[in-house]
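As given in TrEMBL:
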type     : residues               : note
DOMAIN   : 23-300                 : domain 'Deacetylase sirtuin-type'
ACT_SITE : H153                   : active site, proton acceptor
BINDING  : C161, C166, C187, C190 : Zn(2+) binding site
Amino acid sequence: MDVLQELLLSKLRLGDSEEKPIQVLDEVNFDGVVRYMASDKCKNIIVMVGAGISTCAGIPDFRSPDSGIYANLQKYNLPNPMAIFEINYFKENPSPFFQLAKEIYPGKYKPTVCHYFLRLLYEKKKLLRLYTQNVDTLEILAGLPADKVVDAHGTFHTSHCINPACRKLYTLDWMREKIFSDEVPSCTECQDTVKPDIVFFGERLPERFFVSAEEDFPICDLLIIIGTSLSVQPFAGLVDNAPAKTPRFLINKEKVGQSMYPIVLGPGLQFDSETNYRDVMWEGLCDDGCQALADALGWGEELKKLVEDEHSRIDQERQQ
């Protein structure tokens, strides 16, 4: 068998010698996922999340036709909606990004039911790692330790000068002051633009994303995917990194992750396949799905109280 054929077969997980994958779930449905999560067999859960988990906090997602960020950028007079997050356009004209950043900047919003469900997973020693596409830092505000969170698309927590010869580091508070003063932040050392450490189109993802994924996914025993379109690589490709027997559970408003190019990108999620043995979807709002899962696990009242207590705490702190 030549190298190309081996590559194609591995992408499709085909081959005469390959054994039929083990079905871990007793039923390939919501109840089957719940029973598996409640068992001692499930203790290394990886969660992948996108903008959908923050929409209930008031933060718009990117791709919703009417309410998404890309659908409401006319006032910035961009060559195309995605230009606001393209590094080359940012270097030429950073003002539109910083105007948008003022609207979505961390510190204005509170974590959602989804975020606190993730905290419960951590507190119950089920969470191996959270991989987030979001830059709103709500996972940390909800109480997840930083070492449990992989910011796949970077973070607002730190910023750097974009001059490769400088790269001076700046804090969240420094950047917040500049943004809310309607300034384009300039480096105090070289006067070049300072950019939050979020990943723009045209930039490489953080090294920790690749290192952590290589270490975490081989031992993942349940992959939960919440509130993402799974349309941006390489993040979307993580769904195929879980072991072949690992169940995958999607909470989303619509089906995603079903690969159009399985030979190139991997087979993706297989909800509609006659041979599906591990992929389950809960269709609806992310907060509702996480609450339903918590209820089924017997954590429902605990989650509701956690949200209530934490929102009260945050409100009090922000009033001081």
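The backbone N, Cα and C atoms fix where each Cβ goes, glycine too.
Local packing around the Cβ, expressed as the count of other Cβ atoms within 10 angstroms, is greatest for C161 among the binding-site residues C161, C166, C187, C190. The residues near the Zn(2+) site, meaning same-chain residues not in C161, C166, C187, C190 whose C-beta sits within 8 angstroms of the mean position of the site's C-beta atoms, are I162, N163, A165, R167, K168, T188, E189, Q191, D192, V194, in sequence order. In the predicted model, the domain 'Deacetylase sirtuin-type' (23-300) has a mean pLDDT of 91. For the pair formed by C161 (Zn(2+) binding site) and the residue listed as 'active site, proton acceptor', distance between Cα atoms is given as 18 Å, rounded to the nearest Å.
In this structure the alpha carbons, written CA, of the residue listed as 'active site, proton acceptor' and C166 (Zn(2+) binding site) are 22 Å apart.
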